[in-house]
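Enquirer: Let me give you the structure first, and then I'll get to my questions.
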Amino acid sequence: ATSRALVLGLLALLWPPGRGEACSCLPTHPQQHFCRSAVVIRAKVTSEKIVTANEDPSNPNKLLRYELKRMKMIKGVEKVKEVRYVYTSVNTSLCGTRIAVNSKRQYFITGNVLNGGKIFINMCNYIQPWENVSMAQRESLNHHYLFNCDCEVRGGL
């Protein structure tokens, strides 16, 4: 038992910094995601492409750009009129998230608006295949969540 504790202690000391999870998210109820997000949409993800973070092609910072076919704008139409793309970091260690490109599958996506109207998403946003969203949540998305953002939802999912 003593040698096991010694080995675990040495591993903790020798483990290189930055090797742990750099991005972590607490479990959050879909209503909290809805209320904290500037944009909530239902869309199909039709393609992905790595792009520079700004117009300067020499910029080393890259983003992953997902092209969307919007099905429904649930929240945020006053902030963004047209939703064609959402952006995320190419690095999952910087909270970048991955969405399977599938022209048939619809997703429920929450995000925030930054940099001149671009919608950014990360692994802490609520991004779910639409078929995994329960009927009660669908009803709440359309009728209840927006009017109950002052409510505090206790517990996670």
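The backbone N, Cα and C atoms fix where each Cβ goes, glycine too.
Bear in mind that TrEMBL entries carry predicted annotations, made automatically and left uncurated.
Keep in mind that this is a model prediction, so the values were computed, not measured.
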Enquirer: Looking at TrEMBL, which one of Cys95, Cys124, Cys149 makes a disulfide with Cys23?
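Expert: Among Cys95, Cys124, Cys149, the cysteine that TrEMBL links to Cys23 by a disulfide bond is Cys95.
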Enquirer: If you look at what TrEMBL says, which of Cys35, Cys124 makes a disulfide link with Cys25?
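Expert: Partner cysteine, according to TrEMBL: Cys124.
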Enquirer: Have a look at the recorded positions Cys23, Cys25, Cys124 and say which one has the shortest Cα distance to Cys35 (disulfide bond).
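Expert: It is Cys124, whose Cα lies nearest.
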Enquirer: Tally the residues of the domain 'NTR' (23-149) by DSSP class, grouping H, G and I as helix, E and B as strand, and everything else as coil.
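Expert: Tallying H, G and I as helix, E and B as strand, the rest coil: 26 helix, 52 strand, 49 coil.
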Enquirer: Using the alpha carbons only, what distance in Å do you get between Cys149 (disulfide bond) and Cys23 (Zn(2+) binding site) once rounded?
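Expert: Taking the Cα atoms only, Cys149 (disulfide bond) lies 26 Å from Cys23 (Zn(2+) binding site).
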Enquirer: Work out how many Å separate Cys124 (disulfide bond) and Cys95 (disulfide bond) at their Cα atoms, rounded off.
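Expert: Rounded to the nearest whole number, the Cα-Cα distance is 7 Å.
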